[in-house]
Structures are given as C-alpha cells and as structure tokens.
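For reference, TrEMBL has these:
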- 104-122: transmembrane segment (TRANSMEM)
- 143-161: transmembrane segment (TRANSMEM)
- 173-194: transmembrane segment (TRANSMEM)
- 206-226: transmembrane segment (TRANSMEM)
- 251-273: transmembrane segment (TRANSMEM)
- 294-315: transmembrane segment (TRANSMEM)
- 351-371: transmembrane segment (TRANSMEM)
- 391-411: transmembrane segment (TRANSMEM)
- 417-438: transmembrane segment (TRANSMEM)
- 450-472: transmembrane segment (TRANSMEM)
- 492-514: transmembrane segment (TRANSMEM)
C-alpha cells in the first residue's frame, strides 16, 4: 500500500489499482471492472442465484396450485351435464323458433344465477361436511322434512322425463320404431348404463361428453354457416324483452330447464368426494377451485345453449325454407329438429343428431341417478343400491311418458318436456330457499357464511324467479278457467281444488323463507390436531396418502367421481 497525499492511499487488488479517500470515508474506484465481493461471490452472481431460486419457487408454487385445482375438477362438469339435457335442447329449439333471439337474456341470467347457486351449494358441502338433504333433515320438523323429500324426488322424476322422451326420439330417428315403444326400451338403457359403469365412471363420462359435444360442434358449424346477425344476438342477450302470447311461458320453461332443484342437492354432495383440510385456508382454497371449475363448465353450457337458440331462430326465420320445414318450425320438437343441421351434415344430419340426442339423454341419467341417491340417503338415511334407485326412478318417469306418447304421439311427448321443465321451475323454491338460508347462516357455516353482498344478490335473484313462477301460475290458471270450454260445474270444482293448493304453495314458501334456523350444525375443526391435513392425509402406518380420499366415509358405497 502506498500513500499519495492527505488521506489518499492506494492498494493493488487482484492486479487492479484502487484509490481511496480515507480521510472523508469516501471511496473512488478508477478501474471500470472493479467488483465488490459478497460472501465470497461477486454481486452479479449472487443476484443471479437469488433470482433463479425465486423463479424456481414460483414455478413450484404454480405447479402445486394447478395440481390442487385439477384435483378439484369433476363435480362442476358432472353437474353441467344437466344444462345440456334433452329438456334444455327442447326449450332452446322452441324459444329460437318462436322468438328468434329475444329470449337469449333468459339463458344468460339463468346460467349466471345457476353459477351463483351452484357455488353456494358447493361451499355449503365443503364447509359443513354435509350435503343439502342432510342439513334439511337436521333442521326441519319431521312433517316438513318428509314434504321436502317428496318434492325433491318429484324434481328428480320431472328431470328424468325429458331424458326418457329424448332417448325414445333418438331411437325413433335411428330405427323408426314408435315413440311409445322407444319409451319402453329406454327402461332397458338403465341396465346398459350400469354395465358400462363397471369400466369406470370417468371413462363413461368421457365417452358421453364426446358424443354430446359432437352435437355442440354441429350447431357451432351450422352457426358459422347461417351467420345470425351479431347485433341482434347481442341485443337478445342483454336487452330483456317478452313479446308474444307464449313468451312468458317459454321464458319460464327456459328457467326451469336451466336451474334444476335436484342439481343443488347433487353439487353439495359431489364436493364431498374431495379431501378438504378443515382449516380456513383449506376451505377457502377448495371453494375458490370449485367456483373456477363451475364457472368454466357453465360457460361452455352457455355457449352451447346460445348456439342452439341462434341456429333455430336463424333457420326458422329464413325465407328459403320449404313448406315442410316451415311447418316443422311452427311446432319444433326434438324428433323434428334434425333438419336444422342439413347445411352442415347433409343427408347424415338425422343420424348424427339422433346419436348425439341419445348421448344427451343418457349423460343426464348420471346426474339424476346420483341426485336421487343423495336425496334418499340425506332425508331418510337410506342408502339404496344404485341399480334399484335408478330402476325405480326410471319406471316412475316412464309412466307419464308412456301414457302421453300413446295418446298424443310425438307432439304430445314434446309438450310433456315443456311441462316437466315448468314443474322443475315451480319446485325450485323448496331447494333454493333452504340453500340460501343455510349458506348465509352462522349456525350452519360459522365464519365461512356468505358476505352481505352475496346474500343480497342471491335473495334478489331467488325472489325474482319465485315471483315470476307464482305470477305465471296464477295468471295462467285464471285465464284457463275463464276461457275453458268445460261445463261450468267442472270448472268450479277444479277451482275449488286448485286455488287452495296455490294458497298452500305460497304459504309453504313463506314458511321456509321466514322460519329461523334453530339447529347448530357447524363444528370448528381447525384445531392443531387437524393441521397435518394441510400437507396430506396420514394413514395408520404414518405414511402420507397421495391420492384424493373421500371426506365422507359413510358415502363410500355411493360411487363418486375420483
């Protein structure tokens, strides 16, 4: 080291000369390539290593997040099959043929509302560890419990009617057999479905989903061919209008086909097939994953429903229709709608349409079967074997379908689908109101209850749909009584029977809405003895389980998607 002047010294370091001002504590480096050492590593290299570690950690966290999300995928897509069943196709085709794009806003509002209530149902199951039917059994008196069970079973049957008729229409198109014979043959499809389930529910769902999306691809292809006016489609989505005599009934039928009461019982139970850590973070993560999955699944369902309505509305409104096709558009049903796809598929349109319709009916059977199982197990604590439950539901659904198809033929069977959708809409309050009350109740959800904003929005939409149902029910019945051609004594007798029933219907809704919850079912399990579930479930041998295990051991005999 050499001293040059006052406080200025120089030293040679690794062959480079460095001068410092020691008197004032300031250092000046005159070599451009001088580097400062940190822990034996140059600063540039240390920063590079640190950045690499951060990127690696972020990559691992992202990969772990996707892995957790994929582990929760399944329940939402299974539930979304109900939004693509023959009942939805029938109401979509009728709405498009009668009103073009004017009722698209009903589908949009219906599926947005469906996303909200389906997420509420999923959150209810994740938080409480019980599904909706079990909570209804715990909360309500015995008489009310049995009434709710009967209504829920009727909802499953009403949802199964379109599946029976849609399958019989598909068999009629493929093999030219009478519709009533197809209804009888449909009963045998239960055994075929259960036989395919032996190879795994996942594989069966994949096969049916592929066939259903074949129909979706056909309608999207036809949509690109007919090119409906984009401005009118957008206006139909966002500008509510109800024009024409049948607009109100068609709108209610659309809502009934989209928002199904048995789906609420189903979704709250299906989420129990995923292992959720009983901590605040674990529950919040699971609820977020199920919301994202349901949102994507229902977005796909929304696009398919919009495509069906747009194709029907565009094709039936064109001036180039033949006389026969124009006559079909005036009374469009599932068995006569294959001509809509002629521009894309030509002569094979009827065959492809029938196969996809058959797949649509059979895929919906899965949701109905699971829902019936959970409803019976939850309300009555009876776990009936799947083949027996499925057979009983199908036999009850075949009864009215068979009678109507024999008397009214294909046209009568098509009208029965609309009636079944309206029945589902009228039964919705008896599943929706308990769900809204439980999901906003601290006695059921504890600290995980819904926010005030979600509670207000849910109740506004729920009360709106219930009010529309009551208005349509009362006005339609009064109009029918006034203009009925039946003898006056018969109409008076019908009025004496029906008006008290309507009063009981309204009183039952008010009872469910204003009754205060009295049973506390929430149990805080976030103590230290359960924190190990954050990292994995420990088996008796002390090893961590790597697979997803059912959260509800008592539901293990009901086949759940893995």
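The backbone N, Cα and C atoms fix where each Cβ goes, and this holds for glycine too.
Small disclaimer: the values here were computed from a predicted structure and weren't measured.
The recorded stretches the transmembrane segment (143-161) and the transmembrane segment (351-371) share 3+ CB pairs below 8 A when only pairs 6 or more apart in sequence are counted, and are therefore in contact. In summary, the transmembrane segment (251-273) lies against the transmembrane segment (450-472): three or more C-beta pairs, each 6 or more positions apart in sequence, are under 8 Å. For the transmembrane segment (492-514), same-chain residues at least 6 beyond its ends with a Cβ under 8 Å from one of its own Cβ atoms are 144, 147, 426, 429-430, 433-434, 437, 466, 470, 473-474, 477, 481, 486. Ranked by the number of CB pairs under 8 Å to the transmembrane segment (417-438), the listed stretches 104-122, 294-315, 450-472 are led by 450-472.
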